[in-house]
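Listed in TrEMBL for this protein:
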| type | residues | note |
| --- | --- | --- |
| BINDING | Thr206, Arg237, Glu259, Asn353 | L-serine binding site |
| BINDING | Arg237, Ala238, Glu239, Val252, His253, Gln254, Phe255, Glu324, Leu325, Ser326, Ser327 | ATP binding site |
| DOMAIN | 162-380 | domain 'Aminoacyl-transfer RNA synthetases class-II family profile' |
| SITE | Thr355 | site 'Important for serine binding' |
Amino acid sequence: MLNLFFRHVSSCPHLPKPDFDFTYICEAKNRDEIAENIKRRKSTGDIDLILRLYEKLKGPVDSKQDIEEELMGAVSKIPNRSHPDILKLNEEPDTVNIIGEKRKFTFKPLNFQEISKRLNLARTDGLTNLTGPRSYFLMDDLARLEHALIDYSVRSLLQKCFQLVSVPDILDRGIIEGCGMDTRGERNQVYSLDTDHGNDLCLSGTAEMGIARLLMNQKFSSSELPARFAAVSRCYRAETSKVSEEKGLYRVHQFTKVEMFGVCKPADSDRLLEELTCLQEENFSRLGLHIRTLDMPPCELGQPAYRKFDVEGYMAGRGGRWGELSSASNCTDFQSRRLNITSEDGNYLHTVNGTCCAIPRMLIAIFETHQRNDGSVQVPPPLVPFMGIDVIGYNRMPTIRPYKQRLESSNSFNKQT
C-alpha cells in the first residue's frame with residue numbers, strides 16, 4: 001500500500017487556489033494557438049478577454065482584486081492543450097484498433113430491451129412517476145451479471161497493481177470543477193443538492209472525482225510513481241438524449257462504474273494512457289465482444305483531456321451500430337494544477353483516467369452479442385466463476401407487475417366530500 005494512505009489528508013473545507021499556467025496563457029504570441037484550440041474544442045473560453053484583463057493588471061487600477069477574480073474565472077474556462085497527433089483530425093475520430101469479428105447470427109438478433117423483457121429481467125418503462133426518468137431495475141440473473149462484471153473488473157485491476165479505494169458520491173462543487181466539469185449553466189450534467197443539506201454539494205458523476213479529492217494537496221515521491229487507483233461507485237449524470245437508439249439502459253441518469261485513475265510524471269502520461277486503453281481492450285475482448293478503439297478529435301475531448309481514446313462495442317441488436325463502452329483520457333497537469341497534486345520537488349504531476357467497466361453498456365453488449373436462438377443468453381466464460389451459471393434464462397423471481405398510479409380527478413374528490 002502506498003505511503004499516501006498514512007499521510008494526513010486535510011479536512012479543511014477550502015480548496016487550493018488553482019495555479020494556472022499564466023506564462024503560457026497570457027503570452028500574446030500564443031494567442032492564435034489558444035484561440036484555435038478553443039474553437040476546435042467547442043469551448044466557451046475567451047482568450048481575448050484574458051489578454052485584456054492581464055494588461056489591465058499591469059497598470060494602475062482601482063479594483064485590482066475584482067480584475068484578478070475575473071481573470072481567474074476566465075482562465076478556468078480555457079481547455080487543456082490538444083495532443084499534436086489529433087490536430088490532423090477534423091470532427092471524426094481515427095480508428096486505431098479493431099479486435100474480434102462481428103458475430104454471424106443464424107437468427108434475427110434482438111436488442112437488449114427485447115431480450116431482457118422476454119426474460120423478465122429488467123424494468124425500464126413506467127417508472128418516471130416514482131423513480132424519475134431513465135430509471136431501471138435489474139432483476140435475478142441480470143443483477144447477478146452486474147455484480148459479476150464488477151468482480152471481474154476489480155480482480156483484473158488488482159492483478160495490474162491498482163490500489164482499490166472507496167469514494168464518496170457527494171462532493172464539494174469545487175472538486176468537480178477542479179476536475180474540469182461544469183456544474184452550472186445549460187451545458188452542465190451535474191446534480192446539485194438542495195442547499196438545506198449543505199452549501200455547494202453535488203452528486204459525483206464518476207469515481208474519478210472522488211479519487212481526485214483524495215489526492216488533493218498530496219505530494220508523491222518518485223518511488224510511488226506511477227500510482228494507479230481503482231474505485232467502484234454509483235455515477236450520476238443529468239444528461240439526456242432523445243435519440244431512439246439511446247433508450248433503455250444505454251443512457252441513464254445513474255449507474256455503477258469501475259473506474260481507473262493514475263498519477264505519474266509528465267514524461268510517463270502518454271504511456272500510462274496507452275496502458276489503461278490496452279487494459280480496457282483486453283478485458284472486453286476476453287468477454288467475446290467485437291470492439292474498436294478510436295482516437296478522438298479535439299471537439300470530443302471536453303475541457304480537461306489532452307488526448308482521449310474511446311473503446312466502442314458492436315451491438316447487433318442496435319441495428320449493427322457501435323456503442324461507446326469506455327473512454328480513457330490523459331489530462332496532463334490540468335487537474336493537478338487545480339487540486340495541487342505534485343511531486344516531492346513541487347512540480348505538477350499528470351493525471352490519467354479511464355473506465356474499466358460501465359455496467360449498463362456492458363450489459364447491453366453482452367446480451368446482444370451472446371444471445372441464443374431460444375431467447376437465453378450465454379454467459380462469457382470469464383464471468384462464469386463469478387456467477388456460478390453459464391446461461392442466463394427466465395427470471396425465477398415472483399411476478400412483479402408494473403405499478404399503475406391512480407390519479408383521482410378533482411370532480412370525483414368533490415363528490416366524495
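Just so you know, the numbers here start at 1 and follow the chain as drawn.
Just so you know, glycine gets a Cβ as well, placed from its N, Cα and C.
Keep in mind that TrEMBL annotations are predicted by a computer and have not been checked by a curator.
Feature annotations (TrEMBL) mapped to structure.
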| residue | record | Cβ neighbours (10 Å) |
| --- | --- | --- |
| Thr206 | L-serine binding site | 24 |
| Arg237 | L-serine binding site | 17 |
| Glu239 | ATP binding site | 13 |
| His253 | ATP binding site | 19 |
| Phe255 | ATP binding site | 20 |
| Glu259 | L-serine binding site | 27 |
| Leu325 | ATP binding site | 22 |
| Ser327 | ATP binding site | 23 |
| Asn353 | L-serine binding site | 28 |
| Thr355 | site 'Important for serine binding' | 26 |
Maximum Cα-Cα separation (Å), residues Arg237, Ala238, Glu239, Val252, His253, Gln254, Phe255, Glu324, Leu325, Ser326, Ser327 listed as binding ATP
19
Residue among recorded positions Thr206, Arg237, Asn353, Thr355 with Cα closest to the Cα of Ser327 (ATP binding site):
Thr355
Write out, in the order they occur in the sequence, the residues of the chain not among Thr206, Arg237, Glu259, Asn353 that have a C-beta within 8 Å of the mean position of the C-beta atoms of the recorded L-serine site.
Gly205, Ala207, Glu208, Met209, Cys235, Lys257, Thr355
Please give the greatest C-alpha separation between any two of the L-serine-binding residues Thr206, Arg237, Glu259, Asn353, in angstrom, as a whole number.
18
Running the recorded positions Arg237, Asn353, Thr355 through a 10 angstrom C-alpha radius around Phe255 (ATP binding site) leaves Arg237
Spatial neighbours of Thr355 (site 'Important for serine binding') among the binding-site residues Thr206, Arg237, Glu259, Leu325, using Cα within 10 Å, are Thr206, Glu259, Leu325
Taking Cα atoms as reference points, which of the binding-site residues Glu239, His253, Leu325 is nearest to Glu259 (L-serine binding site)?
Leu325
Can you tell me which binding-site residues out of Thr206, Arg237, Asn353 are within 10 A of His253 (ATP binding site) by Cα, answering none if there aren't any?
Arg237
Given Leu325 (ATP binding site) and Arg237 (L-serine binding site), what distance in Å do their CA atoms have, once rounded to a whole number?
16
Check the domain 'Aminoacyl-transfer RNA synthetases class-II family profile' (162-380) for me and report the mean pLDDT.
94
How long is the line from the C-alpha of Glu239 (ATP binding site) to the C-alpha of Thr206 (L-serine binding site), rounded to the nearest angstrom?
13
